[in-house]
Amino acid sequence: MRHRSMPTRLLGTAAAAVGVLATVVLPTNAAAANQIIAENAPNKIQDSYVVVLKDNVAVRGIADGLAARYGGKVGFVYQAALKGFSVTMSASQARKLAADPAVSYVEQDRTVGLLTDQLDPPSWGLDRVDQVDRPIDQRYSYSVEAADVTAYVIDTGINYDHHDFGGRATFGFDAFTDGMQGMDCQGHGSHVAGTVGGHTFGVAKKVKLKAVRVLDCEGSGSIATEAAGVDWVTANAVLPAVANMSLYTGVQNEPSRVLDDAVRASIGKGISYVVAAGNFNDDSCQYSPQRVTETINVAASSWYDARASFSSYGSCTDIFAPGEDIYSAVALENTLSVRKSGTSMAAPHVAGAVALYLADNPTKTPAEVHSAILAAATPGKVTNPGANTPNRLLRVNAPPTVSVTNPGPRKTAVGASVNLQLSASGGTPPYTWSATGLPPGLSIGSSNGVITGAAATAGTYNVKVTATESAGGSGQMWFTWTVGTVQACVKTNGADVAIPDLSTRTSSVTVSGCTGNASATSTAEVHIKHTYRGNLVVELVAPDGTRYGLKNFVRFDNADNVDETYTVNLAGEARNGTWTLRVQDMDRYDVGTIDTWTLTL
């Protein structure tokens, strides 16, 4: 990533909302062709903008050209979490740039900062999160230390030399050119890192800690610096990984589309994100990235299991964790510690818990991690949680979470016999099974997880299955079951087929036992792993040799992988016979694999 210094300034205290908001209307942040998102924000950085390009535009080589065309100077270039760049130019130049056909949107850069800390008495957080009820028992119990997990602390940096990190804290990224190389000169990031993974203060005692410095020695930065940090994490993260962001965009109801898009894309690459809800005693949905639903948004609880008086709340929050009087590492001394309060202190408890979960479940997706952390939490413990706020308190040694394997969408005909074996992992077997929403006529065996019977009524049913292990931990999964009057006809080929340069490869399925012709709304669900997917032409070949185009060659589509479901009118084709997926690579330098495909006739 190219990096030049960006203007920053100290951020003032944001005004808190008055009263309780029962409903929050989130701004769309949609911009017309020549408009700038958040152009009149009170914390804007004059003549500084973040430009996001359209998906079919290559970032390499275009940033400097676009900036020069409209009289600007490029700062950061984003290529992983975002496709775009930051730029310095006048407002009129930025409006012209926003209208360029290669540009998706332009957002005003703004100052961002830390969530405020308060200093005071002794830490108790670790003692609280390993048990359901008070009183705390003067111990923190844990079974793993997360040595194979990496935590990315997107903050003011980390004091690498602090004894509590034992050499596990290292440099990742620095948005500034002051020579600090990710070293913390403010204190906030070191305190956060200590709670995530300090030997004494941390939840995950041996997690690897990476400093991603996006705020300066005054605790200030910008949308551009935060986006640069997220972009670096997205491009360089070693999985399994968790990122902690105890940051905010600074002004009520002025969220950042840039930051939201960047964090959401980073999560899409397999990195779990934990964010602090905010210290403004207002609705967390007003801020970025707090309003991104894929994050784990953490509110702060007090010693007494009440919502901390400063903690933000609302439907965008997911969980509470201790956030008052938390004891952790400092920046400018290598052996000392300090007590601080804030949702910034609550979030790293959860980031540490995510690291512990990933240590035992390294292949889980961020969505699965999110569900597991919430499922393990203790419900109903926090008093005065706030309007529309989920009442869950972090718990790190809950009975093991059970993972139930999803069988995928099911299709059967009315009266057809069903025998579907479900499976689960984790916890201590045997499992007790239950299900809701099954089609009438079907039931699940409580001791064996087998769904049997014959569906009696046509329709589409949303099924929820729960498996509970012997220690009390449980897991759920959901899937749809479509019952039709005609036998569903579905075939899948999951065998990998390599696609060399400038070649044509095929993958086939043979359909038998199905009656009549295919549907006018037949589907081909195709998953191909291939860099620069625009090189590919994809066709479906019917048993009689008729070809149906699914995807054409697109020269400038440089994204990776084909993951699409194509609807095809196959009403003129008999269902039975051999159907073939035909994939042709039309250009040099990029290769891939047919991963799996499913034909529904």
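Each Cβ is built from the backbone N, Cα and C atoms, and glycine gets one as well.
Cβ neighbour count for D155 (active site, charge relay system): 30 (other Cβ atoms within 10 Å of its Cβ, all protein chains included). Per TrEMBL, active site, charge relay system is recorded for D155 (among others).
The 10 Å shell around the Cβ of H188 (active site, charge relay system) contains 26 further Cβ atoms across the protein chains shown. The active site, charge relay system annotation in TrEMBL covers H188 (among others).
Every protein chain considered, the tally of other Cβ atoms within 10 Å of the Cβ of S344 (active site, charge relay system) stands at 31. Summarising the annotation, TrEMBL assigns active site, charge relay system to S344 (among others).
If you look up TrEMBL, you'll see 472-601 marked as domain 'P/Homo B'.
As annotated by TrEMBL, region 'Disordered' applies to 384-410. Residue counts for the region 'Disordered' (384-410) under DSSP, helix first, then strand, then coil, are 0 helix, 5 strand, 22 coil.
Residues or ranges marked as signal peptide by TrEMBL: 1-32.
Straight-line distance linking the Cα atoms of S344 (active site, charge relay system) and D155 (active site, charge relay system), rounded to a whole number, equals 10 Å.
Between H188 (active site, charge relay system) and D155 (active site, charge relay system), the C-alpha separation comes to 7 Å. Summarising model confidence by region, the domain 'P/Homo B' (472-601) averages a pLDDT of 90. Secondary structure counts, DSSP: the domain 'P/Homo B' (472-601) has 3 helix, 73 strand, 54 coil.
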